[in-house]
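Trainee: Once you've had a glance at the structure underneath, I'll fire off some questions.
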Amino acid sequence: MKPLLILASASPFRRALLSNAGLAFEARAAAIDERALEQPLEASGASPADVALALAEAKAKDVARYFSDALVIGSDQTMSLGTRVYHKPRDMTEAAEHLRSLSGRMHSLNSAIVLVRNDEVVWRHVSTANMTVRPLSDGFIDRHLAKVGEKALTSVGAYQLEGEGIQLFERIEGDYFTILGLPMLPLLSKLRELGAIDA
């Protein structure tokens, strides 16, 4: 008998990725304070990839408490440029600042997945994509943000690659699903290995 799959996320993007792949699953958002977990990790010098893994694990373990024997998928994504770690912008002014700081530079997206069953970690994975933003004028940034509106506040980089955000980039190195925040190919491979989906 295949285990119940639970996605520990409220993200419509992550839900859509699993649905589009034909997976039968339930979704439940984790009730954790991400910033409270991130701050001590970042202060201790944890890498952005390690922070993403820790948050993915915390989300999965929080949700796993409610589903005995289910396989819970926790995920998180961090973004960094040099030593600076970015968070979702609080407002449009901060979104514009984020885009100005990314202009003409390469940043990294670290997407982590942790599978948990009965409070035990079954599997951890992190994938990284390197994203080079083309040089952006202040005028372009302002027009772009006016066009996309509050969607800019829903992602860590203030952009959605699957939409008009693609116009910000000159080069992308890495898996598309890593950029979207859920590395699907390694996840599907592991779920097949665990007998959770049809092989």
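The backbone N, Cα and C atoms fix where each Cβ goes, glycine too.
Got these off Swiss-Prot a minute ago, pasting:
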ACT_SITE  ASP76  active site, proton acceptor
SITE      PHE13  site 'Important for substrate specificity'
SITE      GLN77  site 'Important for substrate specificity'
SITE      GLU162  site 'Important for substrate specificity'
Trainee: Using PHE13 (site 'Important for substrate specificity') as the reference point, find which of the recorded positions ASP76, GLN77, GLU162 has the shortest Cα-to-Cα distance to it.
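Mentor: So, of the listed recorded positions, the one sitting closest to PHE13 (site 'Important for substrate specificity') is GLU162.
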Trainee: Would you mind listing, in sequence order, the residues at least six apart from GLN77 (site 'Important for substrate specificity') in the same chain with a Cβ closer than 8 Å to its Cβ?
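Mentor: Same-chain residues close to GLN77 (site 'Important for substrate specificity') (Cβ under 8 Å, separated by 6 or more) are ALA52, LEU109, ASN110, SER111, ALA112, VAL156, GLY181.
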Trainee: Taking only the Cα atoms, work out how far GLU162 (site 'Important for substrate specificity') lies from the residue listed as 'active site, proton acceptor', in Å, as a whole number.
Mentor: 18
Trainee: Where does GLU162 (site 'Important for substrate specificity') sit in the DSSP three-state scheme?
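Mentor: The residue in question, GLU162 (site 'Important for substrate specificity'), is coil (DSSP, three-state).
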Trainee: For GLU162 (site 'Important for substrate specificity'), what is the tally of other C-beta atoms lying within 10 angstroms of its C-beta?
Mentor: 12
Trainee: For a quick check of packing: other C-beta atoms within 10 Å of the C-beta of ASP76 (active site, proton acceptor), how many?
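Mentor: Excluding its own Cβ, ASP76 (active site, proton acceptor) sees 29 Cβ atoms within 10 Å.
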